[in-house]
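Quick notes on the structure that follows.
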Amino acid sequence: MNSNLPAENLTIAVNMTKTLPTAVTHGFNSTNDPPSMSITRLFPALLECFGIVLCGYIAGRANVITSTQAKGLGNFVSRFALPALLFKNMVVLNFSNVDWSFLYSILIAKASVFFIVCVLTLLVASPDSRFSKAGLFPIFATQSNDFALGYPIVEALYQTTYPEYLQYIYLVAPISLMMLNPIGFIFCEIQKWKDTQNASQNKIKIVGLGLLRVLQNPIVFMVFIGIAFNFILDRKVPVYVENFLDGLGNSFSGSALFYLGLTMVGKIKRLKKSAFVVLILLITAKLLVLPLLCREMVELLDKGDSVVNHTSLSNYAFLYGVFPVAPGVAIFATQFNMEVEIITSGMVISTFVSAPIMYVSAWLLTFPTMDPKPLAYAIQNVSFDISIVSLISLIWSLAILLLSKKYKQLPHMLTTNLLIAQSIVCAGMMIWNFVKEKNFVGQILVFVLLYSSLYSTYLWTGLLAISLFLLKKRERVQIPVGIIIISGWGIPALLVGVLLITGKHNGDSIDSAFFYGKEQMITTAVTLFCSILIAGISLMCMNQTAQAGSYEGFDQSQSHKVVEPGNTAFEESPAPVNEPELFTSSIPETSCCSCSMGNGELHCPSIEPIANTSTSEPVIPSFEKNNHCVSRCNSQSCILAQEEEQYLQSGDQQLTRHVLLCLLLIIGLFANLSSCLWWLFNQEPGRLYVELQFFCAVFNFGQGFISFGIFGLDKHLIILPFKRRLEFLWNNKDTAENRDSPVSEEIKMTCQQFIHYHRDLCIRNIVKERRCGAKTSAGTFCGCDLVSWLIEVGLASDRGEAVIYGDRLVQGGVIQHITNEYEFRDEYLFYRFLQKSPEQSPPAINANTLQQERYKEIEHSSPPSHSPKT
């Protein structure tokens, strides 16, 4: 597309200008043409959609709704709410107003992306999983979240200008489901046939299974039924049926977005080395290649009479292509049990990456011309607004790192520096907005602050990636933390200083990105290239270590490795077991943990060594001998308590979160580098370049959103305490009724069942003797071990429900944390069973007394033996 926009008036990151008068700022159109969309409603729509998604994610992370419970909501959304919504809209759809050229343009664009991804996957994928990838990856790249996320945004943009565009959502969505997805399903069925070597399954049966999966989809089924009733009922739904359908359909949007947030919990984990490149390529195909192809196909094939409508349709096609991946793709991957990690992780990443792209795209599509002044002021306003919100997010994220004391450990120490640099960038942008154009000294000072911190954010991406690589090899390589920190702040300051000394100030430009002209552009490009190169090489080299096959995930239930395994209680057993056995087998057993409190002083009862047992048989602690261990351990003297503290401070390195942070930042660095090179080698960049400018502005001053999403919602510091506070306030309403009952009936029944039917088996399976003093040991177990055991025996269907079950055992006095400082967690924290006969024990002086009384009440109120229930 030709453009009259002078290159010197464009920016690499943002146009820094004085505040524009209101009449101009709010009227970007340079002509009197009516706007093609209502941009003022876009931001509230995005906040509404992603706010509900965030609520669902928080509910899942706080275990308010477990993954098993979420399946019920998902079934309601997919089998009741969405089919009802589809049926009604297909019945009332006016097919005479449909632009069919638009539909087959979208079909051609989707089919092109589908077959490109499919062919490339077949060519480069490994033979053992070639067909599963060739089936699911093209579906990932073409199936959009049309109804839950797409429809509210299209409604906000086009409800007042082109309301007929809303009906295209219901017509475009079945294209993927009915025409493209069957091909992917057939490839997946071929992969299943190859894996099982079932010779009886012929080709016709494979194709039939693929088509059957399509027909079983409620969306496809209701589309056909709706079209049939469109002609039968003459596009009029009976009143009583309409009210019923409206009741179901109106519940779709909120529940679908909430369910989308629930499905994101714990999806990004154990990313393998091949997943990084695959994720970037798939997300690029979905969010960049597909929108461009959709737009170009509509431009090429749509032969509408109205030029305005033609342009609006092509813009709408581009916006449609930016919609993120549908959650249904993750469901397909789970059903086939193929490529689940890549598909689910990609769904989460694409959903959040699509938000700024949709915002930028919709904003740019409101400009009928390429007049540089409105574009400059638009970027200015967007950058200023984003900086304010981003700075608040960064302050919150920094507070989380400081309060959790993670800033003292690697790699969070370096992440803290990155967040500080991002905060200075936002503050610098806000200050620049108020600097007078003729105030040269003020401009120089703010320029130094802004660009030294902006270059620092670029470099910290590469430095953080190389620190992650060194962290994987820290047993052989000493991490030069001081050098990394000095480089992260010193090199950007040096570059800006060189620009100030040697560069020629461009007096005609009020834009900070062109303050020193071409020299500044080259400096920015070199900085970006070096950071991308360092980050890319470091992330690839991380896979050369022995444990590079997987990284620690978001889910705290995954196995953790402590920094120095040779000096900790968390030593891994050489046997190939799921969890490390910690100080098991022949250790002298004592009648009590050595760090028990007696009259305020530490004491150790007499040691009664036990006979050596075979290494093949675990030592089962004698709880009858441990009757006197009723006081909590002292964290200053107990080895187990000390190791817990070490684990909490340094064991959770959150490597996957940091790798994800680096990947998202690299995408933004690529965009900035492309913008630099595009400007340097093309004097008439065009509209696409301006969109890239907007994206760069959103990225540079909106990095705080990425950091907040990854580090701002700490589970144990924010979510769980907030959840417990709400539960406390809620339960206070019933205090008068429950004053005479130490524990609720639900907790009491859970504890009764566990004591009579499962306690002894659980002790034999997971409780081990672990050293807690110089010559003493205690029978304990890890919280994550109990969670896995509860799932194994059928007392819980997932880890979320198992945590709830374990928390009830703690409240009922059945188990207890060794120091009584933590609630039940799915982590490597040590817990112990309280003795069966608390009345035989001496009274405790501390908070354990209440738990012992609760346990005694449960034990004495337990019914006689019943048939076990699992």
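Along the chain as shown, the residues are counted starting at 1.
A Cβ is built for glycine as well, from the same backbone N, Cα and C atoms used for every other residue.
The record in Swiss-Prot shows matching topological domain names for K236 and A378, meaning one and the same side of the membrane. Swiss-Prot records N-linked glycosylation site for one of N9, N94, N543, namely N9. The N-linked glycosylation site entry in Swiss-Prot, when matched to the candidates N29, N198, corresponds to N29. The stretches the transmembrane segment (347-367) and the transmembrane segment (274-294) meet in space: the count of Cβ pairs below 8 angstroms, excluding pairs fewer than 6 apart in sequence, reaches at least three. Secondary structure by DSSP for the topological domain 'Cytoplasmic' (460-480): 13 helix, 0 strand, 8 coil. Here the transmembrane segment (105-125) sits apart from the transmembrane segment (39-59); fewer than 3 CB pairs are under 8 Å, leaving out pairs fewer than 6 apart in sequence.
Long-range contacts of the transmembrane segment (134-154) within the same chain: residues 42, 45-46, 48-49, 82, 85, 110, 113-115, 117-118, 121-122, 125, 165-166, 169, 172-173, 176-177, 180-181, 183-188, 190-191, 252-253, 256-257, 260, 278, 282, 285-286, 289-290, 316, 319-321, 323-329, 332-333, 336, 338-339, 343, 346-347, 351, 354, 358, 362, each at least 6 residues beyond the stretch ends and with a Cβ under 8 Å from a Cβ of the stretch. Residue environment of N381 (N-linked glycosylation site) contains 19 other Cβ atoms, counted within 10 Å of its Cβ in all protein chains. Contact between the transmembrane segment (316-336) and the transmembrane segment (80-100) does not hold: fewer than three of their C-beta pairs are under 8 Å, each pair 6 or more apart in sequence. Counted as Cβ pairs under 8 Å, contacts with the transmembrane segment (274-294) are highest for 661-681 among 244-264, 415-435, 661-681. Same-chain residues lying 6+ beyond the ends of the topological domain 'Cytoplasmic' (460-480) with a Cβ under 8 Å from its Cβ atoms: 410-411, 414-415, 417-418, 421, 487-488, 530-536, 538-539, 541-542, 545, 547-548, 563, 653, 655, 658-659, 661-662, 665-666, 669.
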